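Taken straight from TrEMBL:
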ACT_SITE  27  active site, proton donor
BINDING   27, 29, 245  Mg(2+) binding site
ACT_SITE  29  active site, proton donor
BINDING   220  substrate binding site
């Protein structure tokens, strides 16, 4: 670990840090790719880490792709990966419902086809994917037909999110025994050129507000994302490095789980953001201060090639 947090990772410190870990967890967008373009040098970094004997995993809050879809995208970009090294919130939500909640019943899903596929892979039936057009009047909405087998409402990114979906979720959640699970709380999805679109967190907040309940979230910075990986690959948290571009998700996940943390500046957060958290003295904000930072993960290459 560095003497002080938020240190530039450079020179001999790079090899020293890599030698101190057995496993490296990478966020995806803004870290190893931006949009459909790999970060220059990223595939070499990943492939050399694996060649040197490190375990490498990909941890993303994006719920719109299955593990296989991510593995295929990575392979096309030149990364040597297997499907079981990818942990997205679609898959992790299914794992949470199966292994933690021990769900016995169906899911009302506000989410994507990828989420539907991951749920079905573990034997969980769902309803709700696709458009749900509004009809009738308010009394009809309050008495909308419900499937009695639904025991959980699961909220991910849904491009078809609508008033009727919000209403249907509320009607299910009026049953106090119906679970409410969200993939993540990211409120904005950053795009190239400084633009952004609303994220899953906006949809989840709407459901929470309507139901007057707080969801259990599985995505970063919740420790369940790490637990999901660790339980399958027997990780030692003292010898893990979390690499990400967002302080409030990636770095906070690492802090929450006792991992070493590395911020890369090819995505959302900046060193100034991290330093502001560090100077705040606020315990909650200090969790968003990384141990180290680099301009790009390509800066790890010399130590790996040496």
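The backbone N, Cα and C atoms fix where each Cβ goes, glycine too.
Apart from 27, 29, 245, the Mg(2+) site neighbourhood in this chain, defined by C-beta within 8 angstroms of the site C-beta centre, holds 28, 30, 31, 32, 60, 244, 246, 250, 264, 267, 268. Between the C-alpha atoms of the residue listed as 'substrate binding site' and residue 29 (Mg(2+) binding site), the distance comes to 14 Å.
Neighbour list (residue 245 (Mg(2+) binding site), Cβ cut-off 8 Å, at least 6 residues apart, same chain): 27, 29, 30, 31, 263, 264, 265, 266, 267, 268, 269. Figure note: comparing Cβ neighbours within 10 Å for the recorded positions 27, 29, the maximum is reached by 27.
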